[in-house]
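Listed features, source TrEMBL:
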REPEAT    46-79  repeat 'TPR'
REPEAT    80-113  repeat 'TPR'
REPEAT    114-147  repeat 'TPR'
REPEAT    148-181  repeat 'TPR'
REPEAT    182-215  repeat 'TPR'
REPEAT    216-249  repeat 'TPR'
REPEAT    250-283  repeat 'TPR'
Amino acid sequence: MKRRLTDKMKNYIILADNFCNDGNIEKGIELYKKALEFSVSTKDSVDILFNIALLSDQLGNKEEAIKRYKEILDIAPNQAGAYYGIAIIYDDMKEKDTALDYYFKAINLDPQYDRAYFYIANIYDEKEDKEKAIEYYKKVIELVPDDYIACNNLGSIYEQMGKYEEALEVIEKSISINPNYYKSLFNMGVVLKRLGKLKEAVEYYQKSIEVNRNYPYAYLNKSVIYIEQMDYETAIDILSEGIKYNPDTGFLYYNRACCYAKLNKKEDAVNDLNKAIKLYPRFREYMKKDEDLKEIQLKIDN
């Protein structure tokens, strides 16, 4: 009898897998639920419930996903992954404190759960608790020394705190692990600019752009170096390239408008400023305090 039930469970799992692989997630979930009816072991039930929870979350049915994770914990209280799964959902829902509670439950059960430490660090960073963010990013790197994203994020925090040498060290490590991670290249540019190494900063912003042309902040920061040197033509070229690949990024148009205004190209400045305001209406208020745009404000569309 037990073998017959197990065979039925396996058949439903195979069918569910096939439907999911074909993109029919709803049917896959339905068949996993049927498989669950024929499960005769806690392990099999846990595995099936994990599939249902993950797929439900993928479909945006977060309450159902949480329910299934809690069902796992009812039958297997030591499943750190279920706590982690619930934490991820609350994190996505911006319920950060609740997410933290569940991440901590996950690492209490599994002190080697590096992804839980990573997202704990992320939340503390978002909460502006830099010291705790540093503590938990360091824990991630201790567990996973080649986690280049954790190294980059830690470096970014050091940079924000003005600890440029520490930032340089961990961002260099991030780049040595993955030379093509655009955010590490970008952050290296940020730190080098802070240290007054403008040529090197431009080089790293350019490297970031070459890896990912759809990251508008690299164009912005690169252009700012030339704006500060009053080389507005070069800044316009950089911002124009950024706009080509990021046409819906308001601050690129705004900064280019400022450059055009500096060169007395008022019509171009007005066009860019109108576009910037259309994309981000708060620029209308911001421009009123901007000396660069003082002469063209009356020409802006209402």
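Yeah, the Cβs are placed from backbone N, Cα and C, and that goes for glycine too.
Beyond the repeat 'TPR' (216-249), the same-chain residues lying 6 or more positions past its ends with a Cβ under 8 Å from any Cβ of the stretch are 182, 186, 189-190, 193, 198, 201-202, 205-206, 208-209, 255-256, 258-260, 262-263, 279.
Across the repeat 'TPR' (250-283), DSSP classifies residues as 28 helix, 0 strand, 6 coil. Averaged across the repeat 'TPR' (46-79), the predicted model reaches a pLDDT of 96.
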